[in-house]
Amino acid sequence: MAISHCFFVFLLISSFVSLGFAEIRFTEIRSDDRSIIPFDEFGFTHTGRLELNVSQIALSNPKSDLDLTKVGFFLCTRDSCMHVLQQLQDRETTCALKSDVVKLVSSFKSLNGKSSLNIVYEENDADQYTLVFANCLSQVKVSMNVRSAMYNLDGKNNRQDYLSAGKTILPRVYFLLSLVYFTLAGIWIYVLYKKRLTVFRIHFFMLAVVILKAFNLVCEAEDKSYIKRTGSAHGWDVLFYIFSFLKGIMLFTLIVLIGTGWSFLKPYLQDKEKKVLMIVIPLQFVANIAQVVIDETGPFGQDWITWRQVFLLVDVVCCCAVLFPIVWSIKNLREAARTDGKAAVNLMKLTLFRQYYIVVICYIYFTRVVVYALETITSYKYLWTSVVAGELATLAFYVFTGYKFKPEAHNPYFVIDDEEEEAAAEQLKLEDEFEL
Ligand SMILES: *[C@@H]1O[C@H](CO)[C@@H](O)[C@H](O)[C@H]1NC(C)=O
């Protein structure tokens, strides 16, 4: 069952594309003859600004009779970008820069022989725009250093807000969520203290995961709030990546450990279970490197697509790998229930592990598939809703895991009377027939 689930996730994920956070970006273009080079995407409010500083501009064919109005920067919304592509295809226009559906920022005509361009462009129509460079001269290669900064001016004191319109409340969202996780960690410590006689090692592991998640969110809030105010992250992104990395590894390890029943059902790991961990941990390392490259290059960087695919592939492999130990546990418990006398005990564990399997699958589907779907269909103004949806699903998963696998003073597995035992054996038989 695990494999078919995995394949489905992969198909769905590979059809969506996510957006990076726009901020101040530096791009070097060297001898590039692409006719269209997209740079960055940003959601403007009614007080949007684009600051564009281009330096060391050099054309490979610096003849004086080149038509420089055919080289330059423009902004287009999603719809108008599609429209221009259609126009180019239908040969209604030969140059995207000349199309009447795009907003011309500046053409190289205004260089007047200089090699740099500095402009502030005001955009007062709220929408999500892509900054695009167009070069409609054939056989002319362009080299330049581009610094692009897109921001909105914030109401009262005209402060610059470098977060896209739909993401500007994210720092607050992350901060609130981190408080929730710190509270959860507090509650968990209280539970561990109360039930200290029945605490397993895995419960401390769970505590570590919750605390890491809380710190991860603090760093993300701080990171985004620095970007919001200054357009760059000031090192908080490094801390954020470190915590993400630790949290990613710990969370997947935790799912595997719980799935195998480690420290609940048995104090050791089998060889094949160890192998799963040995696959998941290095892959998480790769996934995190991919995440860093994706975030830092922006949606139109040259390696972006490749790293995006690496990330998706690795993520899907990890998600699938963690399902196998749960499936093995379920199988073992079924067999044990049939052979040894304690059908009821095993059946309860079986139900628990089945629930856990379903919840892990829901968690993976939701945080990967539903969140990407939301991101693609929601308007740019409400992009934060997909982040909130994903975080709430994660929170629900943490709470479920903590609740179902909490330390129990009276372990329900071992206090079962004969009547229940018989009923359980009966149910197991029925189930077997049903499955056949
Ligand atoms: C970019 O150009 C704008 C407009 O001339 C100017 O105000 C700003 O200082 C420039 N920024 C940099 C980093 O050169």
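Going from the start of the chain as shown, residues are counted 1 onward.
Including glycine, each Cβ sits where the backbone N, Cα and C put it.
Here the domain 'CAND6/7 N-terminal' (28-152) returns a mean pLDDT of 90 for the predicted model. Annotation source TrEMBL lists domain 'CAND6/7 N-terminal' at 28-152.
Here TrEMBL flags 171-411 as domain 'GOST seven transmembrane'.
Here TrEMBL flags 1-22 as signal peptide.
According to TrEMBL, the transmembrane segment annotation covers 173-193 (among others).
Distant neighbours of the transmembrane segment (200-218): 174-175, 177-178, 181-182, 184-185, 188-189, 192, 240, 243-244, 246-247, 250-251, 253-254, 257-258, 262-264, 394, 398, 401-402, 405-407; these residues of the same chain sit at least 6 beyond its ends, with a Cβ under 8 Å from one of its Cβ atoms. Positions annotated as transmembrane segment by TrEMBL: 200-218 (among others).
The feature transmembrane segment is assigned by TrEMBL to 238-264 (among others).
Annotated transmembrane segment per TrEMBL: 276-294 (among others), in sequence order.
The feature transmembrane segment is assigned by TrEMBL to 306-328 (among others).
Here TrEMBL flags 356-374 (among others) as transmembrane segment.
Here the transmembrane segment (380-400) has long-range neighbours at 19, 43, 126-128, 164-167, 169-170, 173, 177, 180-181, 184, 209-210, 213, 359-360, 363, 366-367, 370-372, 374, meaning same-chain residues at least 6 beyond its ends whose C-beta is under 8 angstroms from one of its own. Taken from TrEMBL, the feature transmembrane segment covers 380-400 (among others).
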